[in-house]
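One structure is given here, and the rest of the page talks about it.
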């Protein structure tokens, strides 16, 4: 089959070149269409439901809103688990669906369930468009001379509408500034003097702001519509509204209250650099959207807004975060590493072959193989990202071409019979079959990655698909285009040259090889020693799921005491921004305090988040690393703000970590149990124990208790004496203290709430609240203090729930140590020193879960994959003895990769596992070529020793070329510290270490092992009675 493919290519050279040009154009078109992300989205389909019951405590929100929502949403098709948080006046329920569920189907299912979920009157649940990696564009709204209210109004009513018209945009969240409202501030004394109740005032305001329709009226030959227009248009209209008439004298709103334009109670603040109060917008991409296309639409919309002057004069959009920057930087990192690696590979080929033409023909297959991968990815709908593209070692991809070109050169140099076509066809046919088997085996080696599910599947399946298409395309090119180009551009009298490099390597290699063949039995010790070293050294590596993917920014979270006020938090956050801004590596600092008005973020005034984009690392002071800067900032912040717990992460990472674990931290351990007090006490003990574990940083407890509140409990008996229900009392409390929105005031296309509440002096203290008058049915008024108990108390500030169980979380990060050993030690220390209360248990969340799940799956899949590889090797070499010799190269490659990771101080990770899979393919490909060549030599009558020697010497050049191209192809990635290199680095280190081990050991270990294995096999067969009888019969 392989020989026929090569023969067809050589007989149709023009067609092959034409198809290569078609491949080039098609690959470039595919690359333009290929959706490229910086990192894959590791969060399963998730639908978020929020509700904002006004003024309810966390416990009341949990009991009356959160739990009914959890019950109503349970049992949905494809639902995996449910997490929720209940806090003051807000509930957030996140429904996580199983991988493979269409997001649109999950969202529709939630909508359907919400229609049948019973919630208290006045509480409405709505869906949030947020997704973990959906925040693609952030901006400030600036304008000299404009108030915060005017900036916020422009953001809400102009920019939100414009951006939501962009395909791919799910929503726009505005944060900071003042949300405009019309306020009716009631003077209770004037209200009482006029004999007006609060209920009468709110009803009058609602009635004074209506339009009505009177159907139609026919006048002559025309039909007229009849409209009654009575909408409020200005504060003066509000003041003139009549509440009631007393003896023919109207009592107007202005007689009992003051009307003003104000703003809604602020739930948060945004600051930037020296400006403590700015307006911010965040554009959210829909789940599964394409970042590049969405951002192009956003850019066009920004230009549209500016070109058509949709914002007031002097007001403009000032972007400060754009996901395209990260995609551009990471893509450039990968492409730079590819380009440098290609140059190094080309130099290696020239150094070994002594032919620039041959080197260029070989290097040409690298971009063409990648274009094949792009076409395959577009055809299968596989997205590209830094991990999937950066994992492809084109040194490995081009190995088949290297072996093909080297063998063709050897045949041309042999000056045998036949023309160049015959010799090229003969050379290609000689190595084609082992190359095809080797490529198939490399593909099988990636089988574990195709079986990954969940987060691991999202990360590694695109990587495996990319690799499979690339190596498949490279093999096809090596069997078709490479022979055609060699036959056309390489002279018929070309031959391999003993370059200076080759002569030096051969002089160093031959003495070692001679010694190994002189005592071949020592070769049996090598596999045992190699396997023993692998078993002994591997546990020293430590483990982590994935290396931290550098984004070029800081996302720092500061946790303050639960009872802190917005004013105090605001003073602290300004000093935090100043500390960060003093660092020359920081471009700008944006702070978020609390949450947006729409409740799309679960935070109170105790939560401060700081975003600090960093300058390119080339502009940093010499010798400064991000790890050093992190430690320095951590110490400064802790010294300046004692008692405040800080957590260092990155922008995307922070969102993903929170989405995966439900906790605002890189990793977490959850104390789950029914007793919230017991949970928090246990969590505090965990903090005490874990702070002594090396590698644990940013350790902190998320307090769930300690929220001060004023509790108003109506006394039913007292209320009954005055003809009142408890609801009558609570309605007065809600309106007088919290403020009640009674209607909307329209200004063109905009609308703003009109709220009624007591004037500030009459609701600013416990005494004032107790004095609030409650109207009775007989026209009198009773102080609230006579109808209800008004007291101060402390209760839960937030209640965390997961799958119906309460929990208290402890968050932590890990720096300076691997994830696996750190968590193992923490678990041992907790087991020894912490006793859990009855009914409670611990759950660890974060990357440790993904690591354990991936390792558990690999523990089953890898042995099966190795068995399948062994069967394929057997099909290639035809004997189990030779199969065993080929497979010995795998532990040799493993040993090299393990030693390289230890030297580089890199733990074993999923990226490193990819490197081991890649280097397995190199090892098996090289070993199969040596064994099959030795088999041909034995068939031609050579002795075991001479055949092994001939095979080793024959494959010395191509073997070294293959391993060195694989090594140098990833050398730039192994040495790079640029943004985007972290995902490639462990993989590159393993491939380099494994390739060097193969180059240094297999050429010495494999040939003598091959000899002694066959000697032992011959002796075993000779001792078998059946075998002796067969030989005697054959002799007869």
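In case you wondered, yes, glycine gets a Cβ from its N, Cα and C as well.
Taken verbatim from TrEMBL:
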type     : residues : note
TRANSMEM : 334-353  : transmembrane segment
TRANSMEM : 360-380  : transmembrane segment
TRANSMEM : 435-460  : transmembrane segment
TRANSMEM : 466-486  : transmembrane segment
TRANSMEM : 522-542  : transmembrane segment
TRANSMEM : 858-877  : transmembrane segment
TRANSMEM : 883-904  : transmembrane segment
TRANSMEM : 916-935  : transmembrane segment
TRANSMEM : 955-975  : transmembrane segment
TRANSMEM : 987-1005 : transmembrane segment
CB contact flag for the transmembrane segment (883-904) and the transmembrane segment (435-460), at least three pairs under 8 A: no
Of 334-353, 360-380, 522-542, 858-877, 916-935, whichever stretch has the most CB pairs under 8 A to the transmembrane segment (987-1005): 916-935
Annotated stretches the transmembrane segment (955-975) and the transmembrane segment (334-353) touching (3 or more Cβ pairs under 8 Å): yes
Whether the transmembrane segment (466-486) meets the transmembrane segment (858-877): three or more C-beta pairs under 8 angstroms: no
Proximity of the transmembrane segment (435-460) to the transmembrane segment (334-353), 3+ C-beta pairs under 8 angstroms: no
